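K.L.:
Before I ask anything, here is the structure I am working with.
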Amino acid sequence: MGLPEERGQSGTRSGGREEAGAGDRARSWSPPPEVSRSAHVPSLQRYRELHRRSVEEPREFWGDIAKEFYWKTPCPGRFLQYNFDVTKGKIFIEWMKGATTNICYNVLDRNVHEKKLGDKVAFYWEGNEPGETTQITYHELLVQVCQFSNVLRKQGIRKGDRVAIYMPMILELVVAMLACARLGALHSIVFAGFSAESLCERILDSSCNLLITTDAFYRGEKLVNLKELADEALEKCQEKGSPVRCCIVVKHLGRAELGMGDSPSQSPPIKRPCPDVQANECDKDEKRAWRNGDGREMDAVKGVLAEPESQRRISLQLCQASIHWSVGMVTRQPTSEAPFLPQGVVHTVGGYMLYVATTFKYVFDFHAEDVFWCTADIGWITGHSYITYGPLANGATSVLFEGIPTYPDESRLWSIVDKYKVTKFYTAPTAIRLLMKFGDEPVTKHSRASLQVLGTVGEPINPEAWLWYHRVVGAQRCPIVDTFWQTETGGHMLTPLPGATPMKPGSATFPFFGVAPAILSEFGEELEGEAEGYLVFKQPWPGIMRTVYGNHERFETTYFKKFPGYYVTGDGCRRDQDGYYWITGRIDDMLNVSGHLLSTAEVESALVEHEAVVEAAVVGHPHPVKGECLYCFVTLCDGHTFSPSLTEELKKQIREKIGPIATPDYIQNAPGLPKTRSGKIMRRVLRKIAQNDHDLGDMSTVADPSIISHLFSHRCLTIL
């Protein structure tokens with residue numbers, strides 16, 4: 001389809017400044033010539049050629065890319081087989097069936113031994129405090145992964161075992177992930193912001209044999225006693241008859257006491273000790289603590305994690321011999337459908353590796369000299385794909401950041417950009433909107449001259465935030481890759497390419513290689529040209545999930561039953577006259593808070609567990625920073641009174657049951673909820689009430705209209 005000409009590219013700005021008016025939101029920005037000249041995909045025409053081949057000849061296209069990686073056993077048969085149509089039988093996707101490889105070998109051993117990148121920095125680690133820094137090379141990372149693989153192996157971890165990882169953003173998290181992958185174990189990484197109960201649920205759901213966690217960490221000024229939460233979760237697992245066999249604790253806050261002079265990279269000094277945590281840890285001479293199923297702690301396997309250089313070669317040989325070659329599962333992550341529920345997406349090694357490596361290379365236009373920084377947490381799929389596996393598969397140098405954007409001040413991100421000369425920067429619209437509040441000065445007082453490409457992830461970015469990001473952070477010279485994808489897809493699905501795609505603020509633009517999108521009507525009809533409806537994909541790409549862990553029927557029902565023959569994203573989408581795709585939001589009952597999808601059902605369930613609440617309904621409400629926040633309606637049991645103290649109790653309960661990210665901004669007392677005569681809660685009406693919108697549409701099916709009037713007159717005072 002045709003693309004619009006660049007409108008008002010020069011001579012139309014006042015003082016070099018872009019105002020977020022209707023004209024700017026409607027226009028497009030061509031890629032900067034200096035970016036296009038060196039880009040892997042230097043023009044829109046070249047993008048179209050590659051995309052056409054990837055969709056029409058997927059076996060040949062991805063087969064050529066697969067040759068860049070190591071395969072213990074090449075694909076012996078058909079490169080791709082699949083069925084997307086539930087009416088024709090079981091849903092399945094098979095890429096390179098019969099081939100075997102190991103993702104850890106490809107991202108570490110191959111880079112160290114074949115590409116000779118052993119001395120290249122793999123990660124710059126930036127702690128919560130600006131003075132806490134260290135780095136690790138590819139060779140050092142390989143050594144640590146091999147050492148920790150041996151520890152896991154000696155604890156009985158084998159192919160197919162499940163390992164839960166509950167850690168902050170420290171280098172040991174990456175080591176733990178890769179050690180699991182090396183052995184063929186399935187890692188289930190739990191975001192360190194989750195509660196003990198949420199951790200317990202995920203351990204039980206995955207039947208984890210072992211837990212890896214940390215003593216504690218600081219997030220800004222806040223101390224998070226992670227070991228205390230982990231202990232509580234392990235006790236819950238024991239009570240439910242599924243004790244975890246072993247727990248490994250990384251002594252993070254107390255690492256200065258460990259005397260780690262024999263480690264490859266010097267660890268950062270302890271800044272703010274946590275006496276309570278340290279008192280519960282093992283002897284100061286120990287490098288790790290183990291917790292057995294009966295609660296006893298014992299010394300780690302000494303001589304492995306801190307072995308002298310003379311013994312290190314033996315460990316490397318042992319670890320080499322224990323590499324598991326397969327195309328089996330590599331990770332289990334919560335679904336986009338309900339990421340806070342303990343059900344998991346299953347990705348497989350071969351296809352996932354190809355896809356994250358390829359999307360990283362082309363979407364960020366990666367070159368060997370780049371320093372890449374994704375600000376996400378590894379506990380989410382973004383961190384899996386674009387902090388760990390994608391960058392390492394390309395031999396990239398990345399920044400790993402433990403802190404938050406506003407600590408110790410709101411210029412922290414840009415200070416880090418200058419410190420490490422970051423060239424490619426990837427963050428969430430929520431972070432951008434948060435930093436916009438502080439004005440331009442915290443950004444512009446730093447150089448940011450190294451930046452070449454900016455990216456966004458987690459939710460659609462609103463045009464105003466896009467324009468600020470482009471004008472202030474990127475100084476009007478950095479293309480922005482606004483990426484749309486899901487946990488289920490493994491990697492980017494709709495995205496600009498920095499050197500090829502004219503950008504429109506708020507649009508994810510066009511499909512990535514191998515992606516064939518369509519927009520369907522409610523009746524399953526493919527809509528052509530300008531259209532709005534359900535976003536679906538017509539054929540598989542290598543990174544697609546293979547199943548929901550332990551529940552293939554749910555996989556088929558959720559993603560393929562509504563429209564047989566298509567993968568259903570659950571998102572609404574609009575295609576404009578130029579063929580650009582615009583994500584309009586979740587079609588199902590999901591809320592996108594700060595880029596994290598929340599299940600309304602799970603929040604409602606947490607509310608009604610309180611003794612005072614008999615019924616609850618949760619809807620979204622616009623928020624200037626988070627994009628969307630939670631607005632809750634609660635109906636109380638007889639004998640209970642709605643009060644500020646009850647509101648705080650309910651918020652606390654949600655934080656404990658789900659996590660801080662799910663804390664509601666608004667809770668309204670609702671003597672009754674608007675329902676149809678059949679008893680179904682009318683959520684569309686509640687959304688109108690939350691936003692004080694009296695245009696209710698057809699109300700012929702409401703059972704008691706007086707309830708609606710009452711709720712309008714007693715609604716919470718909201719920001720927007």
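Placement of Cβ uses the backbone N, Cα and C atoms for every residue, glycine included.
Below, the features straight out of TrEMBL:
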REGION    1-41  region 'Disordered'
COMPBIAS  15-27  compositional bias 'Basic and acidic residues'
DOMAIN    47-107  domain 'Acetyl-coenzyme A synthetase N-terminal'
DOMAIN    115-266  domain 'AMP-dependent synthetase/ligase'
TRANSMEM  163-185  transmembrane segment
DOMAIN    342-547  domain 'AMP-dependent synthetase/ligase'
DOMAIN    602-680  domain 'AMP-binding enzyme C-terminal'
K.L.:
Given the domain 'AMP-dependent synthetase/ligase' (342-547), which of the listed stretches 47-107, 115-266, 602-680 has the most Cβ pairs that are under 8 Å apart from it?
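P.N.:
Result: 115-266.
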K.L.:
In the same chain, who gets a Cβ under 8 Å from the transmembrane segment (163-185) while lying at least 6 residues past its ends?
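P.N.:
Same-chain contacts beyond the ends: 102-105, 107-108, 123, 125, 134, 136, 141, 144-146, 148-149, 151-153, 157, 192, 194, 199, 202-203, 206, 208-214, 217, 219, 224, 226, 229-230, 233, 244, 250, 252, 265, 319, 322-324, 326, 328, 330, 349, 377-378, 384, 387-388, 400-402.
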K.L.:
In the domain 'Acetyl-coenzyme A synthetase N-terminal' (47-107), how many residues does DSSP call helix, how many strand, and how many coil?
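P.N.:
DSSP composition of the domain 'Acetyl-coenzyme A synthetase N-terminal' (47-107): 27 helix, 11 strand, 23 coil.
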